[in-house]
Every structure is written in structure tokens, then in C-alpha cells.
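**Q** Annotation source TrEMBL lists transmembrane segment at A:12-37, A:57-80, A:92-120, A:126-145, A:178-205, A:225-246. Annotation comment: TrEMBL describes A:58-246 as domain 'ABC transmembrane type-1'.
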Amino acid sequence: MRGLKVYAITYLVFLYAPIILLPLFAFNDGTIIAFPLQGFTLDWFVELARTEALHDATVNSIFIAVTTAILATCFGLFAARAGNRHSFPGKGGILGFVMLPLVLPEIIVAVSLLVAMLQVGLSPSIWTVIAGHVLICTPFSIAILNGSFANMDKSLEEAAVDLGETPVSTFRLVTLPLVMPGIVASLLICFTISLDEFIIAFFLSGNEPTLPVYLWGQLRFPGRLPVIMALGTILVILSILLLVTAEYFRRRGLRRAGLEDTGGFL
Amino acid sequence: MSQTARLRRAFRTDSGKGLTLVAPPFIYALVMLAAPLGTILLFSFWTQDFLTIDRTFTLDNYREALSDPLYSELLFRSLRIAGAVTVVTVLLAFPIAYFVSFHVRPDRKSLWLFLITIPFWTSYLIRVFLWRVILAFDGPVNGTLMGLGIIDEPLSWILYNANAVIITLAHAFAPFAILPIFVSLEKIDRSLLEAARDLGESRVATFFRVTLPLAMPGVLAAILIVFIPTIGDYVTPRLVGGSGGTMIANMIQTQFMRLNNAPMGATLAVIAMLSVTVISLLLVFVTRRWTRGR
Amino acid sequence: MRGPIITLEGVQKYYGEYHALRGIDAEIGQGEFFSLLGPSGCGKTTLLRAIAGFEDISGGRILLDGRDMDGVPPNRRPTNMVFQSYAIFPHLSVAENVGFGLRKSPMSGAEKKTAVGEALEMVGLGGYGGRAAHALSGGQRQRVALARALILKPKVLLLDEPLSALDKKMREQMQTELRRLQRQVGITFILVTHDQEEALIMSDRIAVMFEGGIAQLAPPQDLYRRPASRKVGEFIGMMNFLPARLIEAGNPSVEVEVPGLGRAILEPDQCPMGTGGEISIGLRPESMTLLFDGQNAERVAQGVVEERTYYGDMTYYDIRLDGAPNIVQVSMRNMPGRRVLDRGDRADLAWDARAMVLFC
Ligand SMILES: Nc1ncnc2c1ncn2[C@@H]1O[C@H](COP(=O)(O)OP(=O)(O)OP(=O)(O)O)[C@@H](O)[C@H]1O
Ligand SMILES: [Mg+2]
């Protein structure tokens with residue numbers, strides 16, 4: 001089994017190779033992205049702080065990501081609850097259809113949304129990007145919240161009703177606290193996906209670029225690359241922080257429900 | 001009154017509540033997905049001349065897309081690259097999933113999964129771009145290999161071609177392949193493997209006669225989950241593919257944004273979607289037959 | 001039985017096409033310990049949940065304390081439930097769980113605290129209030145679930161297989177304790193169980209259910225001594241069934257001939273006589289005795305020991321009766337000095353016509 005372990009570690013190196021390079025070039029005192037490294041500098045981060053367009057893109061991205069996270073998690077809550085607690089005609093088909101964007105190539109989602117929007121006279125904007133992002137984030141939210149609902153004994157809610165609570169107060173007193181870790185994890189994951197999403201934003205953002213769209217534009221200018229490395233470093237650190245938080249909440253949820261940990265997201 | 005009373009009663013039933021709950025996400029998906037997909041389909045039967053769209057129904061776009069070698073070449077190349085990416089990704093992923101499921105202490109498993117998923121959540125654009133750096137003429141791969149004296153001059157076949165696209169996508173989709181395989185391996189009752197050994201099978205034979213068939217659903221899921229989105233990948237071919245590595249998504253984008261030929265773009269999108277669907281269904285069918293047949 | 005607290009009138013339940021409850025009629029008395037007993041899938045849980053209000057019924061009526069419960073949601077019914085999984089809220093402490101239903105009660109905070117303390121005391125968990133709920137053992141969870149339901153002083157407490165998740169020792173202990181608790185609070189308990197012994201030990205009356213209907217509703221002794229049908233007799237305890245021939249159908253007494261045993265005069269409470277159809281008799285293993293050297297009895301039959309099974313306190317013999325194809329099972333208490341027969345030994349057995357049940 002030694003061989004397998006060596007393989008596993010090599011594979012991890014392969015997975016992490018790009019991320020490890022990122023900070024190397026972000027702090028590298030040279031304008032070209034190539035070895036050997038030149039020396040340590042913080043210039044690129046300073047330059048980041050001075051780029052107006054970047055700030056606008058960041059604000060756009062954060063607004064889109066927050067709105068997307070909230071909307072997608074609401075939809076996720078509805079669908080996950082319906083799927084786990086009720087049976088209704090056409091259940092498999094309906095839920096399958098809502099989950100479809102998970103396996104659809106993003107370019108298809110992007111162009112079809114673009115065409116449809118132009119057809120009804122909407123012009124690309126932050127809101128059209130949000131519409132697309134909600135569509136692709138909802139399946140992730142459903143997957144996460146499905147776990148939360150499936151882990152929750154159905155009779156807990158019945159017990160609350162049996163003890164005199166109305167369906168609404170039961171939701172507030174029992175359901176919400178128990179699925180809260182799932183909700184937080186869903187918000188964080190959707191936020192991360194939206195923040196990072198490129199294709200849909202590329203097609204639908206018009207003249208209000210998101211961070212990835214801005215980045216894409218900059219990739220063409222070799223002189224801007226070190227700055228992008230600095231930005232990438234910040235983004236990676238941010239993503240990892242968000243993920244660790246999401247994972248923390250997920251585990252806390254499991255612990256509250258008194259369950260064994262059985263794996264990660266999805 | 002009886003009308004509303006009946007309505008109220010219908011909402012109180014289990015299926016009434018269920019339908020009310022799924023309605024918002026379902027309607028959203030209908031409006032934001034089904035309707036746009038329908039529009040694309042419609043467009044593919046129209047034609048465009050500069051900025052005016054001719055709405056007469058025609059199959060010309062399909063005829064052109066299938067006969068013009070430019071398009072069919074791109075489509076086949078996309079399928080070929082996606083297929084290669086899928087094979088490479090799944091083959092590389094299986095041992096990892098197997099290792100984590102069978103040889104990692106249970107309390108460490110979620111740490112491993114976490115480590116595997118982290119890179120996936122970091123900016124896709126930047127990750128792909130960094131592969132361009134890694135695989136470059138003067139990048140670390142060539143530098144290391146030359147430094148070790150394994151090669152005399154930089155390898156040129158690792159960047160700006162289909163190989164680069166395959167390497168980069170195999171990296172990007174790694175967790176998508178590992179997770180489903182891991183889940184199906186986890187589900188295997190360990191006493192089945194002991195039973196196989198007990199009945200006289202070697203470790204290797206047990207793997208091929210018990211473990212692998214039982215893990216097949218996960219492998220299939222991994223194949224589909226890698227294959228389907230890679231067909232439509234846009235960023236990787238643009239950044240590392242060079243001219244020999246462009247794929248159908250790049251052409252779709254060009255048709256929409258550069259050539260103002262939305263109907264042709266729509267046709268290519270429909271064809272790409274159809275081929276993905278057909279191939280996926282075939283795969284599912286074959287795998288089902290294969291696993292049932294034993 | 002004081003006046004009924006629950007009246008079930010022709011209660012029907014369909015799950016789509018599936019007919020889960022096929023017209024249930026019963027009256028359950030105030031302060032009664034009532035059990036629903038039956039094999040898996042017979043509809044016990046469905047009936048219990050219909051009473052609690054978690055299932056809408058498709059036909060009939062459920063009256064609780066004289067009030068029709070149609071359309072009354074579970075939170076407005078004067079019933080409380082102990083769930084099979086106990087449904088202890090994992091995010092709350094033991095005390096918060098027990099006090100969960102008191103949120104809207106007019107009691108002051110201090111009064112609630114006292115009530116919770118008393119309820120915990122009552123189920124033997126005094127001082128456990130501050131514990132986290134998910135750190136409890138199965139038996140403790142069960143007690144919390146009981147305290148949580150009883151604190152609301154429901155008119156009826158519904159228990160769905162509350163003991164099935166416990167190990168044997170714990171289960172036996174909880175059986176006595178539940179019974180004691182029920183006498184102490186005087187609340188009607190409806191217990192769902194598929195364990196016939198548990199039902200016999202604990203209940204005032206038992207409803208035996210098969211396939212969505214009540215096959216017999218009677219106190220434990222009657223149920224055991226006079227099962228209404230072969231099926232009930234088979235389900236509760238062990239019973240020998242022997243084909244019989246009708247000799248003379250009088251009223252109220254009937255004379256039958258049982259091949260291998262002989263003739264007997266019975267006073268059946270169910271069979272309308274003169275049916276002429278196939279009849280059989282049922283006889284419990286313990287209502288026959290083996291006779292040892294020189295013992296004598298009024299009615300004696302002979303046979304050969306085919307099989308002997310040792311149970312610790314009892315020994316069961318399978319005896320093939322002379323002149324008949326029947327094998328009967330006879331149980332004998334093991335006592336010092338009592339002889340034990342071997343396979344193939346001849347045996348004399350005494351039987352009592354009063355213990356016979358006639359089925360037709
Ligand atoms: N929600 C439902 N939808 C469809 N059928 C159901 C539903 N709930 C129960 N049933 C069916 O109704 C029948 C009675 O179920 P019920 O749960 O009442 O049985 P039970 O007597 O409690 O059995 P057990 O001892 O196994 O708990 C079963 O055959 C079951 O499959
Ligand atoms: Mg049940």
C-alpha cells in the first residue's frame with residue numbers, strides 16, 4: 001500500500017501545483033511570470049490597491065455573489081424540503097430539472113440566457129448575471145441542504161407539533177436551528193461559486209464586469225500579470241477561508257445532529 | 001365557496017404542500033433555463049444577415065454545420081479532447097478515491113477529501129492561467145527536466161495544443177471525478193470483500209470481481225460529470241490550447257459575439273448538447289448492461 | 001372502564017390504492033392502558049398517528065373526549081406522543097426538551113422550572129436537566145420523551161413501540177416502570193407494540209390487529225384463553241390446533257370428537273352451531289400434562305414423544321397421538337425429581353376440556 005500512498009501524495013502535489021506557484025510570483029520582483037525568481041516585493045499588492053477598475057469589478061462581484069447566495073439558498077431550502085419531506089406527482093422529473101444546470105455545460109447556459117434576454121429586450125447587467133448564477137448555484141445549495149434535511153429525524157418536527165407548536169413556530173424552533181449549519185454552508189459555497197464564475201458573467205455582464213471578467217481582460221497584457229498573481233493570491237486565501245468556515249459549520253451541524261462524519265460536500 | 005374550500009384542502013395535502021414548496025425553484029428553472037433553451041432551439045432554425053434575423057424555418061444551419069469541415073472538425077475535436085480528459089481524469093482519480101476509502105483512517109477521511117476539494121474552489125481562470133506558466137517553454141516543468149538532464153531542449157508538445165488542454169482540464173475536474181467514486185467505494189460493505197477472500201479469491205481478483213463492479217455507479221457518475229462540462233469549456237482552450245486546441249465553445253462564442261451569427265452559434269450549441277446527451281445516454285446504457293450482465 | 005375517552009367509528013385510511021385501515025371500531029376508556037398489537041405492517045402506527053392527527057383519515061370518525069377530531073391539527077389535540085425514535089431535540093438541553101411544550105403556557109418561568117424538575121423526577125432523571133440531549137443513552141432518551149409528553153397532562157398518551165430500541169434488560173425494567181407511571185398519573189396510554197408478551201404484561205385491554213382491521217379486542221386473560229380466531233391464537237402464545245368432528249350441536253353446549261384425544265363437551269362463545277363446516281379446536285401446551293407412573297386423570301390420551309426441547313424453566317414435548325395423524329405440543333415445568341421423557345418414549349397425557357377453544 002506504500003505505492004498507493006506515494007501516488008496519493010504525488011497527486012496532491014499535482015492538485016496544488018498552480019496554487020503554490022501563485023504567491024511565488026505575487027511576491028516576485030520581476031515583471032515576467034517565469035523562473036528564476038528575482039527577489040521579494042510587495043509592489044504588486046500596492047498596485048492592486050491603486051487600480052480603480054479593479055475596485056469596481058470587486059464591488060460588482062461581491063454584490064452579485066451575496067445576492068446569488070441568498071436567492072439560491074432560498075430556492076435550495078424550498079426544493080430540498082419538498083424533496084425530503086413530501087411526495088408529489090412528477091417529483092423526480094421536477095427535482096431533476098432543477099438540478100440540471102449542474103451537468104449542463106456552462107457555455108450553453110450562458111448563450112441561451114443571453115439570447116433569451118436580448119429577445120425580451122433586457123440588456124446585460126449585474127442582474128442578468130445574478131439570474132444566471134442563481135440558476136447554477138441552486139443545485140449546489142439543494143445538494144448541501146438535502147444532506148441537512150436527510151440527517152434530521154422527521155419525527156422531530158412532528159414532536160414539536162405534537163407538543164403544541166404551529167407549523168410556523170415549529171419551523172422557527174426546530175427546523176431552522178437544525179438546518180442552520182447547512183444554510184450557512186450553502187450561503188458560503190454559493191458565494192464562492194458566484195465569485196469565481198467566469199463564462200456566464202463574460203456573456204451577461206455587459207459593461208459592468210465582474211472580477212473574473214476583469215481578470216480575463218487583463219490576462220492579455222503581459223505587463224499586468226504580476227498584479228493578477230497578487231490578486232489571485234488574495235482570492236485563493238479568501239476562498240480557502242470561506243471553505244474552512246463552511247466545512248466548520250457543516251461539521252458542527254453533524255455534531256449537533258449526533259451523527260458520524262461521512263465525507264465532504266456534494 | 002366550495003371552489004376555494006377545495007383549493008384550500010388541496011394545498012393541505014402532502015402533495016399540495018410539496019408542489020407549493022418546489023414551485024418557486026421549479027418556475028425559476030422553467031423561466032431561466034427551459035425558456036432560454038427553447039429560444040436557442042428556435043434560433044437554430046433561423047438565419048441572420050448582419051443584424052437582421054430572418055425567422056423563416058430552415059435547416060440550412062444544420063446542413064452547414066455538418067458539412068463545413070471547419071465545424072465538424074471542431075466538434076469532433078471537442079468530443080475527442082473531452083473523451084481523453086475523461087479517461088485521464090477518471091484513471092488518475094480512481095486510485096486516489098480507493099486510497100482514501102480503503103487505506104485512510106476513518107477520522108482522517110474528511111481531511112483528505114477537504115484537501116482534495118480546496119484547489120477546486122480557487123479561481124478557475126487563475127488556475128488555468130497558471131498551467132500556462134507551468135507548462136511554458138521556460139516554465140518549471142521544462143526547467144526541472146532540463147536541470148535533471150532528462151531532456152536537452154524544452155518540450156514543445158506540452159503547451160498550446162490539445163495535450164495542454166487535457167492536462168489542465170484533468171486538473172480542473174479532479175475532485176468531480178474523485179468524489180463520486182469515493183462515495184460508491186465507501187458504500188461497499190467490507191464483509192463482501194472478506195467473503196470473496198474467504199471463498200478463495202486473491203486480492204487482485206477480489207478487486208476485479210467485487211470492488212470494481214460495485215464501484216461502477218460511481219465511476220459512471222464521474223465519467224459523466226467530467227465529460228459533459230468539458231465539452232463546453234471555453235477558458236482552457238483559449239488560454240492553453242493554441243490553435244490546435246480550440247474547441248466548440250470557442251466557436252460558439254465567436255459566432256455570437258464576433259460574427260453576429262447567433263443562429264449559427266445556436267445551432268452549434270444545440271448540436272453540442274445533442275451529441276453530449278446521446279453519448280451520455282449510450283454510456284449509461286452500456287454500463288448498465290455491463291454491470292447487470294454479470 | 002369509566003366512560004370512553006376515545007371513540008373510533010369505522011376509521012378508514014387509504015395510502016393511494018393501499019387500504020391501510022379497514023374500518024376500525026373501538027372505545028378506549030378513561031385511564032385505561034390500551035395496546036395495539038399486531039404483526040409488522042398491520043396498520044398500528046397508522047392508527048396511532050391518525051389519533052395524534054398526523055394522518056388524515058379517509059373515512060369514519062375519531063372522537064376524543066366526545067369531540068370530533070376531523071380537521072383538528074396535532075398541536076390542538078389533547079394527545080401527546082412518545083415517538084419510536086424518541087425525537088429528542090438534539091439542539092436543546094434535557095430541561096429545554098422537557099419544557100418544550102410549555103412555551104405558550106400561562107405559567108411563570110419559575111413555575112415552569114418546577115414543573116420540568118418534577119417531570120424529570122417522575123421519570124427518574126432528577127438532576128439531569130442541564131445535560132445535552134444528544135449525550136443521553138437510549139433508556140434516558142426514552143425517559144426524557146416520556147417526561148416531555150406527560151408534563152403537558154394530555155388526555156391520552158400515545159406510545160409507538162417505545163421499548164423496541166432498548167436491550168432486553170432495559171426493556172423489562174421500562175415495562176414495569178411505564179405501568180407504574182401510568183397508574184400514578186391516571187392518563188390513558190395507548191401503546192403500539194408487536195411484542196405479544198409486552199402487550200400481555202402491560203395492558204388493561206389489547207386490540208389485536210391484522211391487515212388493517214381489529215381481529216379481537218379483549219383484556220389479556222380473555223385474549224389468551226379465548227382467542228377469537230385461529231390467527232389470534234397463533235399470534236399470541238403457542239397453541240395446538242387439532243381438527244375436530246361435530247357430534248352434537250346443542251345450545252349452549254356442543255359435543256365434539258377430537259381424533260387422538262376423544263370426545264369433549266364445550267360451551268363456545270362464538271360459533272353459531274349447525275354450520276356443518278370444518279371445525280377445529282385449540283389447546284395451549286400448558287393446559288395438558290404428562291402423567292408419570294401411576295398418576296391418573298379424568299381424560300387421558302396416549303402417544304409417543306417425537307421431540308423434546310429444553311427451555312430452562314420448561315420442557316416442551318412434541319407428542320404424536322395414537323390413532324391420529326396429529327402431533328401436539330405439551331409443556332411441563334421442570335421440577336426437581338420430575339422425570340424427563342426421551343424421544344421414542346411412550347407418554348400418557350391428561351387434558352382438560354375447559355381449556356379447549358372451538359374454531360369454525
Ligand atoms: N406514507 C405511506 N404511504 C404509503 N403506504 C404507507 C405509508 N405509511 C404506511 N404505509 C403502509 O401502510 C401499512 C401499515 O403501516 P404501519 O406503519 O401502520 O404498520 P405498523 O403496523 O406500524 O408496522 P410496524 O410494526 O412495521 O411499524 C404498511 O403496509 C405500510 O407500508
Ligand atoms: Mg409502526
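First residue shown is number 1, and so on along the chain.
Any Cβ shown, glycine's included, is placed from N, Cα and C.
Keep in mind that TrEMBL annotations are predicted by a computer and have not been checked by a curator.
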**Q** Cβ under 8 Å, sequence separation of at least 6 from the ends of the transmembrane segment (A:178-205): give me the contacting residues as numbers and ranges.
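**A** Residues packing against the transmembrane segment (A:178-205) from afar: 60-62, 64-66, 68-70, 72-73, 76-77, 106-107, 109-111, 113-114, 117, 124-126, 128-129, 131-133, 136-137, 140-141, 144-145, 147-149, 152, 156, 211-213, 216, 235, 239, 242-243, 245-247, 249-250, 252-254, 256-257, 265.
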**Q** Taking a Cβ cut-off under 8 Å, which residues six or more beyond the ends of the transmembrane segment (A:126-145) line up next to it in the same chain?
**A** 60, 63-65, 67-69, 71-73, 75-77, 79-81, 83, 95, 98-102, 106, 109-110, 113, 117, 179, 182-183, 185-186, 189-190, 193-194, 197, 200-201, 204-206, 208, 210, 250, 265-266
**Q** Kindly say whether the transmembrane segment (A:12-37) and the transmembrane segment (A:92-120) touch, using the definition of 3 or more Cβ pairs under 8 Å where each pair is 6 or more positions apart.
**A** no
**Q** Which residues, given as numbers and ranges, are at least 6 beyond the ends of the transmembrane segment (A:225-246) yet have a Cβ under 8 Å from it?
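**A** Beyond its ends, the transmembrane segment (A:225-246) has Cβ neighbours at 19, 22-23, 25-26, 28, 30-33, 43-45, 47-48, 51, 54, 184-185, 188-189, 191-192, 195-196, 211, 215, 218-219, 265.
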